[in-house]
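K.L.:
I'd like to ask some things about the structure below.
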């Protein structure tokens, strides 16, 4: 057996050593471990067989479980696509409702309905052909095409809509079967019988429910036992459809020279139900005696000539007209325009004379033919549309076709063209052959309960009745066969978690659970019991499916995806958009409320898959659309910097990782989430020391750990881990290069290096200070969180407390903006904002407070204001002591570093002097001399520095005094925001700078140091 994991189809362990014997490809030997040679790849592709799929596999599994073999697909265009599409398109609506639609809407409006719906399916077929020929389409049909073109969210939503449409189609076909059975074949089989005429409709619905449920149960058992029986009967059902169509055309031709005799009895201009009388006469002569007929007894209270009769019956005469005048009779002129009306409106012949009666209240109890529903144009569109569905039958069988990329377009388009011709010709011929009152008679009551389309057929109405009965049976069985498999395909894709149970079935793969659900949904349609009510429901679901097929094609065409190379060339994005627009229009034309419900269902499924479904990457068009939209937006953003009104912190979050590459301070991510609330840009970055070649696996592991932490802390953003020779350069590269175009960060958030004092290695605090300098040079804002591990999590809810802002210097207003943004999040929502500003002795504190209050009022910020006066005072001994200790420590660290360097040099033997003279070698100072010199310099510095470097003393004095004030006012605050002083320009004082900041923040729990980016970020203007 060939090994699946090998790139070579004929690779086995025996010949493994002979793979690279040839010397011609020696240059590519290393590549062959992962990439196959072209010859091997072509060999695999040539031997590829797209296995027969779907129900055929289950049938073969049933037949031969022990020796299951796959057969090569061998179906051509005619058998594989054309005839299945023809069988699925032509069906119940053609036989049971088309004549009624022609009579009600008229020939012109019926043609408009046919042209609209057939144009919709033709445009959809063109789009579908382009998608189906863009690579191999496995079984799954439209669901597969949409999900792989528009992504799992759209695919799942539309796939389930298509499933519901197919299921309700099964209900419609079963209802059609029962209607034919109870109305035209064995009316006596009805369980519920109406005693009065007004109860007939309700009795029919109850009979449909009972018999429909029995029929559904029987069909479900047939499908459960084995779909091979359905497949074997498919040819019989197809033959029934074709014979019925031929019988109709034969009957039309026959009417041209010998119209059939189907008399219609009219009372005045009203059509009578011809069930309970034989002769269309009020009275007749029998042995020279005038006697009343059965018709008389229907309208009068007794058979006597002097009986009291219905007023309209008394005023008008009965006349007989032919139900089918024939092709040459000119009746087409009367059927050009429609005759809509409300429920209960009587079917009348407008050309017949009639005397109106004063009292019409009893008309509903008389045996007149009347509308059973209110009719209008848009209703007829919804009822008719299911008669053009079924165009996916070919693509659903793509796995069984010899050449799917050739057969699907030709077969589907030819089937639609054929059925369009049949429908258009049928509309015209029905209107030209059949009397209008008969066309509007939905159940054939005026022709003794015959199927209206049946009386036109030749040689007998029973050809159509039997043919349509078996056609509806077959279509119902196919719906019950196809729908569970579609649901099973969706369930097995795993994109809708709660449907996964329906992916299981019998040992041979038969979807048992999916069949049960399908039967349950089908029963809902059967309980509705009305063919006219169920048809618009499934129209919605099919139209939505076709809408997204068109959108998928249009999207792929406009995006010009490199993989979009359909073999079918006769498509265009404009045609696809036209098809999508037509689908959407037909949805709202048919039934606006059903359309909204269908879209709501699809939208709910879409959002469910988006938030709860399994993540799938199918290279879909929506991803390409997002990339194009992002590119367009980035180009637009780069044209100009954002206005102050649009400024928001776009964060670069610099994380430190532990030895296992896990996030050291996850609360920093929580704080970022609270500050951003999902808005704007967040980039989470970190640096690993080393080269990317050696650290590739660790970089990927670190990225996974960071993404996991981001998910836990609900931080929405991007992750970027870089490998660099040292941490300082790595963070510098991130600050310079993170982001893209106009979507670059403007604010850097990092944690305070809390262990810098305990560490003998100055690299950590030097990296921190260099990062501060980098952000200042890049004109970016900087946020430094001290004691970040004590910051609240996203699950915490801080109670009544304050966020204190210490506004010492103005650097763009970021200090004001941050508390406002934090209070938008539920963690900080109950906190109040306090603003403190510092006044010197020569400042007017009262006026400063008023000005600050007015400034905050114009900024639309609610905050308490307090001005703190800092009196000039002598520098305390404590300040001198702190400064001296700081500088002693700095010098000691320098000396320790110097001594460590010298010790390292002592370990290594000194190099041999290769100078040409002893004088040159002796010029190098010895290690001992340098150590003595360093120690003497240390003691000299410790003795003299406290009175020599007064600038450090002044800085320490500011830090101590400001810390006293801040601790006094804000020690109990939930968060303190403070201006961050900049690092010294002379790098020699960097360690002193860290001491100043440590003293400034001493005694405070949660602190956020803020350093502005040098631009205004808040404005008083609207």
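A Cβ is built for glycine as well, from the same backbone N, Cα and C atoms used for every other residue.
Pulled from TrEMBL, these are the listed features:
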- 79-99: transmembrane segment (TRANSMEM)
- 81-253: domain 'Amino acid permease/ SLC12A' (DOMAIN)
- 111-137: transmembrane segment (TRANSMEM)
- 157-187: transmembrane segment (TRANSMEM)
- 208-227: transmembrane segment (TRANSMEM)
- 233-252: transmembrane segment (TRANSMEM)
- 371-652: domain 'Amino acid permease/ SLC12A' (DOMAIN)
- 373-393: transmembrane segment (TRANSMEM)
- 413-439: transmembrane segment (TRANSMEM)
- 451-477: transmembrane segment (TRANSMEM)
- 537-558: transmembrane segment (TRANSMEM)
- 570-595: transmembrane segment (TRANSMEM)
- 666-784: domain 'SLC12A transporter C-terminal' (DOMAIN)
- 796-1022: domain 'SLC12A transporter C-terminal' (DOMAIN)
- 928-947: transmembrane segment (TRANSMEM)
K.L.:
Quick one: do the transmembrane segment (451-477) and the transmembrane segment (413-439) have at least 3 Cβ pairs under 8 Å, skipping pairs fewer than 6 apart in sequence?
P.N.:
yes
K.L.:
Summarise the domain 'SLC12A transporter C-terminal' (666-784) as counts of helix, strand and coil residues per DSSP.
P.N.:
58 helix, 26 strand, 35 coil
K.L.:
In the same chain, who gets a Cβ under 8 Å from the transmembrane segment (111-137) while lying at least 6 residues past its ends?
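P.N.:
Hits for the transmembrane segment (111-137): 50, 101, 105, 144-145, 149, 377, 380-381, 384-385, 387-389, 391-392, 395, 398, 404-405, 408-409, 412-413, 416-417, 419-420, 423-424, 427-428, 543, 546, 549-550, 552-554, 556-557, 563-568, 570-571, 575-576, 578-579, 582-583, 586.
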K.L.:
Would you say the transmembrane segment (79-99) and the transmembrane segment (373-393) are in contact under the rule of three or more C-beta pairs closer than 8 Å, pairs 6 or more apart in sequence?
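P.N.:
These two segments touch.
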K.L.:
Among 79-99, 157-187, 233-252, 537-558, which stretch has the most Cβ pairs under 8 Å to the transmembrane segment (208-227)?
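P.N.:
Looking at each of 79-99, 157-187, 233-252, 537-558 in turn, the most contacts to the transmembrane segment (208-227) are made by 157-187.
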K.L.:
Could you tell me whether the transmembrane segment (233-252) and the transmembrane segment (79-99) are in contact, taking contact to mean 3+ Cβ pairs under 8 Å with a sequence separation of 6 or more?
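P.N.:
Yes; at least 3 Cβ pairs under 8 Å.
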K.L.:
Which range out of 157-187, 413-439, 537-558, 570-595 gives the transmembrane segment (233-252) the most CB pairs under 8 Å?
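P.N.:
Highest pair count goes to 413-439.
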K.L.:
For the transmembrane segment (157-187), find every same-chain residue at least 6 residues outside the stretch whose CB is under 8 Å from a CB in it, and list them.
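P.N.:
Apart from its flanks, the transmembrane segment (157-187) reaches 91-92, 95-96, 142-143, 146-147, 150, 204, 207-208, 211-212, 215-216, 219, 386, 389, 443-444, 449-451, 454, 465, 468-469, 472-473, 475-476, 479-480, 482-483, 486-487, 489-490, 496, 518, 521-526, 528-531, 534-535, 537-538, 540-542, 544-545, 548, 598, 601-603, 605-606, 609.
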K.L.:
Excluding the flanking five residues on each side, which residues at least 6 beyond the ends of the transmembrane segment (537-558) place their CB within less than 8 Å of a CB in that stretch?
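P.N.:
Distant Cβ neighbours of the transmembrane segment (537-558) are 120-121, 123-124, 126-128, 130-131, 134, 142, 145-146, 149-150, 154, 158, 161-162, 164-165, 168-169, 171-172, 382, 385-386, 389, 525, 564, 571-573, 576-577, 579-580, 583-584, 586-587, 590-591, 594-595, 597-599, 602, 621-622, 624-625.
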